[in-house]
Every structure is written in structure tokens, then in C-alpha cells.
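Annotated in Swiss-Prot:
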type     : residues : note
MOD_RES  : Ala2     : N-acetylalanine
MOD_RES  : Ser6     : phosphoserine
REPEAT   : 23-108   : repeat 'Solcar 1'
TRANSMEM : 24-42    : transmembrane segment
MOD_RES  : Lys57    : N6-succinyllysine
MOD_RES  : Lys73    : N6-acetyllysine
TRANSMEM : 83-101   : transmembrane segment
MOD_RES  : Tyr102   : phosphotyrosine
REPEAT   : 117-208  : repeat 'Solcar 2'
TRANSMEM : 119-140  : transmembrane segment
TRANSMEM : 183-202  : transmembrane segment
REPEAT   : 217-306  : repeat 'Solcar 3'
TRANSMEM : 222-240  : transmembrane segment
MOD_RES  : Lys256   : N6-acetyllysine
TRANSMEM : 281-300  : transmembrane segment
Amino acid sequence: MAATASPGAGRMDGKPRTSPKSVKFLFGGLAGMGATVFVQPLDLVKNRMQLSGEGAKTREYKTSFHALTSILKTEGLKGIYTGLSAGLLRQATYTTTRLGIYTVLFERLTGADGTPPGFLLKALIGMTAGATGAFVGTPAEVALIRMTADGRLPADQRRGYKNVFNALVRIAREEGVPTLWRGCIPTMARAVVVNAAQLASYSQSKQFLLDSGYFSDNILCHFCASMISGLVTTAASMPVDIVKTRIQNMRMIDGKPEYKNGLDVLLKVVRYEGFFSLWKGFTPYYARLGPHTVLTFIFLEQMNKAYKRLFLSG
């Protein structure tokens, strides 16, 4: 039986029993990209909602559903997939880097006897990997925010990026290379908050459900705990996310940026748009979180199975 094989065994019958790390990282990035194809419209709506009513202007969209129907009406079906190339590049850079860093740190901190890191150490590894991946993925994030925001502007104010690579080249040429990392601090902070909130809230939610006496440790309990965790994670990370979105989309006015820093964004949003505007786009953000995670793991499992069938069997 495979379970009785020694932990250090790397080969069986002359063939590797598992796929190489490089293949795992590649599949992680591809799985995230595959999931993005399905949830990109939700990302677009979330970004539009976060920019709606900026600077005490009248809100363009009353609700997320209103935003979606308005985009479909004015920009067509193709419009809800604006920025897809940037979304795909974000996954290729962020997910691959995060997975790579997590795997390396996890293996480094695993005991000589094979004992895995404890809960707190795993949480720290996850937050470190998330923050590093967010830094690497920030240029794609900047391009994504700008591309998804373009359709809400008058024609003469649009940036008109053709695709993510055109966006990156133009941003670097017109505004300088450092602009590609504009908003990297809130982007990294969001990654840390998301990782921390997911870990803490999932464990607590699962324990609460089990203690209630109405649930057993099965897939229904896991699903409900995941939904609660997603709710907590969305609520915790959205104020940081709107800071990121506003900073990455801002323009220079008379040689000065619209916002001085993240705190300035928070204060202006609360002052001119109301406290609860920090959670604009809550519905599409929450609706995106679950499906993206589920689809990512489905694609990842299928690619791993295909690789084993083609290269590791026999």
C-alpha cells in the first residue's frame, strides 16, 4: 500500500510518485486563472461600486444589481469582461508566487521527523506568502482596477488600455515605473487580513456549529463554516480593499494626487460618502470569494489527476 511507503521515498518503480514542485506552482496559477474567467464580472461590479460616488459625486449605481444591468445595457456582454487579461495576469503572478512561497516555508519549518508547523506558525506562513504574492501581483492589480473603471468615465477621460500588457507599458512610460506598485501597501495588507480572517473565522465557525449540536463534522458543516468565514473575511477586508481601489485608480490633479495616503482615503470616504460606504461592493465581493475558491480547487484537482494519468501512471 502507498500509505506504508517511507516518507522520504520520492520514486516508485523508477517514476516520481508526485508531480514536481514547478508543476504544482504552474497548476496553482492556471487553476486561479481558470476560476477568474468565471468570476471576472463580479470583480468588475465590485470595482465599479467602490468607485461610484467618489469625491461626493452622485452615485452612478444604487446597488450591485443595478451596476450589473447598467454595464450590460451601456457596454454590452463584452463589457462585463473588461480587464479579463489583467485579472488573468494577477492570478498568474499572485497565486503562483503565494503558492511557491507557502510551500517553501512550510517545508523549511517542518520538523526533521515530519511534524508539520503548528497552527500559529502556519498562519504566519500563510500571511507572509499572501503579502509577498500581493507585492508581486500589484502591477497587474493596478492595470485591472484601471481597466475595469474605464467604462464608467466619459469617452474623453478614458485611459483606453487595449490589454494588460499595453496598460503596464503605458503606465510605466507615462507615469513612471513606481506607479506600477501604487497601492502595494494596502494590497499587501488586504492579503494579510484575508489570510488571517479566513484562518481564524473558519476554525471558530466550525467549532461553533459543532458545539450547537445541530451539525456533525461533515461536508454540510464545512460548507456552512466556509460561508460564515467568507462573510467575516469580506467584512474585515473591504475597508482595506476600497483604499487599494481608490489609490490605484486615482489621477494627478494640478500635479497633486487625489489622495495623500490610505488614511486620507478612509477619512474622505467616511466624510463625503458615509461610514458604510467603506463596504461598497460587499455583495459581489462576497459572491466572488466562494466560487473562486471552489473553482480553483476543482481545476487544480483535475490538472493534478490528468498529470498523474499521463506522466506518473504505468
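Residue 1 is the first one shown; counting continues down the chain.
Cβ coordinates come from backbone N, Cα and C, glycine included.
All features noted in Swiss-Prot, drawn onto the structure.
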{"residue": "Lys57", "record": "N6-succinyllysine", "Cβ within 10 Å": "11"}
{"residue": "Lys73", "record": "N6-acetyllysine", "Cβ within 10 Å": "9"}
{"residue": "Tyr102", "record": "phosphotyrosine", "Cβ within 10 Å": "20"}
{"residue": "Lys256", "record": "N6-acetyllysine", "Cβ within 10 Å": "8"}
- Message: Can you give me the Cα-Cα distance between Lys256 (N6-acetyllysine) and the residue listed as 'N6-succinyllysine' in Å, rounded to a whole number?
- Response: 20
- How many Å separate the Cα atoms of the residue listed as 'N6-succinyllysine' and the residue listed as 'phosphotyrosine'? 43
- What Cα-Cα separation, expressed in whole Å, is found between Lys73 (N6-acetyllysine) and the residue listed as 'phosphotyrosine'? 43
